[in-house]
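Listed in Swiss-Prot:
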MOD_RES   Ser2  phosphoserine
MOD_RES   Lys5  N6-acetyllysine
MOD_RES   Tyr6  phosphotyrosine
MOD_RES   Ser9  phosphoserine
MOD_RES   Tyr14  phosphotyrosine
MOD_RES   Tyr25  phosphotyrosine
REGION    82-94  region 'Interaction with CAVIN3'
REGION    149-160  region 'Interacts with SPRY1, SPRY2, and SPRY4'
TOPO_DOM  2-104  topological domain 'Cytoplasmic'
TOPO_DOM  126-178  topological domain 'Cytoplasmic'
Amino acid sequence: MSGGKYVDSEGHLYTVPIREQGNIYKPNNKAMAEEINEKQVYDAHTKEIDLVNRDPKHLNDDVVKIDFEDVIAEPEGTHSFDGIWKASFTTFTVTKYWFYRLLSALFGIPMALIWGIYFAILSFLHIWAVVPCIKSFLIEIQCVSRVYSIYVHTFCDPFFEAVGKIFSSIRINMQKEI
């Protein structure tokens, strides 16, 4: 495993590890690779995505897991009819499910495009502007830090050492008078 390349037990070369269940682009990748019996190189841009666990890093565990019981609750002694309660539950759940799907269908790809552009710009600026500026600043500040260090060792160290010696001879006696 070197340079981001993965070689399996049969000598197949991959840029990312291949899972048993495959990915969205080529289902059952490993089985297909074994059937074809040739070296295939997979790009990180078409990396495998999990269609079952879509939040593997648990980014939204505490934010968007909102169920009917989290929003609507009837305390003891104040209950609606059972049919109304069941219909409300079904209406809430189905509406939330399909409206999310509708919003995802309408705005998912444009939002992915916007966030992709945003993070591309952010990465570009970090790589080509922020890090070079910080490195340049650190190189230039070394000169200032040497002058500052000489100043501190020449003037501040002796001054504070003298003040420390002056205050080190102070003795405090506390007596309690009855």
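Just so you know, glycine gets a Cβ as well, placed from its N, Cα and C.
Quick caveat, the model's predicted, so the values are computed rather than measured.
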Residue counts (helix, strand, coil, in that order) that DSSP gives for the region 'Interaction with CAVIN3' (82-94): 13 helix, 0 strand, 0 coil
Across the region 'Interacts with SPRY1, SPRY2, and SPRY4' (149-160), average pLDDT on the 0 to 100 scale: 94
